[in-house]
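Copied over from Swiss-Prot:
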type: TOPO_DOM; residues: 1-14; note: topological domain 'Mitochondrial intermembrane'
type: TRANSMEM; residues: 15-45; note: transmembrane segment
type: TOPO_DOM; residues: 46-59; note: topological domain 'Mitochondrial matrix'
type: TRANSMEM; residues: 60-87; note: transmembrane segment
type: TOPO_DOM; residues: 88-227; note: topological domain 'Mitochondrial intermembrane'
type: BINDING; residues: 161, 196, 200, 207; note: Cu cation A1 binding site
type: BINDING; residues: 196, 198, 200, 204; note: Cu cation A2 binding site
type: BINDING; residues: 198; note: Mg(2+) binding site
type: MOD_RES; residues: 218; note: phosphotyrosine
């Protein structure tokens with residue numbers, strides 16, 4: 001989860017988020033090299049007295065500054081496309097959960113279980129217990145088994161919402177009348193926090209998401225207790 005004065009990403013807990021972190025580092029390296037080159041050229045122009053007033057054209061230079069940016073864009077686009085296709089892949093999900101956005105709470109339905117559904121509201125600040133996080137705790141957490149592929153079907157009952165959990169690399173729009181889907185796979189147990197990431201009204205800031213990822217045997221006990 002995030003912590004005060006954090007400058008980087010949250011720790012990755014899914015294969016997709018790990019790939020996104022690698023892609024971020026790859027792109028940042030390219031941006032750093034380009035910025036260094038531009039700063040060097042600017043400083044050289046400001047500090048040297050040499051000029052080329054007689055130069056009418058420079059085919060070699062024009063060729064280089066056309067081909068080099070194209071190569072750089074390709075080195076950025078190829079890994080990006082790979083991750084986009086990975087995010088769209090859904091291979092034999094262990095279960096399906098339907099998520100509906102409302103003003104201003106989330107509702108969840110475990111479609112593989114009979115009558116296993118609930119609403120998830122933010123816990124008011126006045127009701128928080130010691131150690132709980134303000135504006136991030138909910139009355140009903142989404143409990144999921146660890147190391148199992150989960151398909152999330154996401155939509156909305158009223159206005160645009162967005163279901164986002166940064167540490168899992170997830171952000172999917174909840175659109176009224178449209179059903180979006182994404183996959184979720186956590187490689188370690190724990191609590192993972194997210195929030196609605198699409199402005200949806202006056203209480204947009206009070207739509208937290210809490211995923212509780214547990215071993216399979218604990219998930220089975222929880223699902224039995226909820227039925």
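Every residue gets a Cβ built from N, Cα and C, even glycine.
Counting only same-chain residues 6+ beyond the ends of the topological domain 'Mitochondrial intermembrane' (1-14), those with a CB under 8 A from a CB of the stretch are 20-21, 24, 166-170, 184-188, 190-193, 213. Working note on the binding-site residues 161, 204: by count of other C-beta atoms within 10 Å of each C-beta, 161 ranks first.
You'll find the Cα of residue 200 (Cu cation A1 binding site) roughly 35 Å from the Cα of residue 218 (phosphotyrosine). Across the structure, residue 207 (Cu cation A1 binding site) and residue 198 (Cu cation A2 binding site) are spaced 10 Å apart at their Cα atoms. Of all the binding-site residues listed here (161, 196, 198, 204), 196 has the Cα closest to the Cα of residue 218 (phosphotyrosine).
The record gives 161, 196, 200, 207 for Cu cation A1. Within 8 Å of the mean position of their Cβ atoms, the other Cβ atoms in that chain belong to 101, 103, 104, 106, 162, 174, 195, 197, 198, 201, 204. Neighbour count (other Cβ atoms within 10 Å of the Cβ, all protein chains): 21 for residue 200 (Cu cation A1 binding site).
Recorded residues residue 161 (Cu cation A1 binding site) and residue 198 (Cu cation A2 binding site) have their alpha carbons 5 Å apart, per Cα-Cα distance.
With DSSP states grouped into helix (H, G, I), strand (E, B) and coil, the topological domain 'Mitochondrial intermembrane' (1-14) comes out at 0 helix, 0 strand, 14 coil. In sequence order, 160, 161, 162, 173, 174, 204 are the residues near residue 198 (Cu cation A2 binding site), counting only same-chain partners six or more apart with C-beta under 8 A. Under the three-state DSSP scheme, residue 204 (Cu cation A2 binding site) falls in the helix class. Listed in chain order, the extra residues whose Cβ falls within 8 Å of the Cβ center of the Cu cation A2 site residues 196, 198, 200, 204 are 101, 104, 159, 160, 161, 162, 197, 199, 201, 207.
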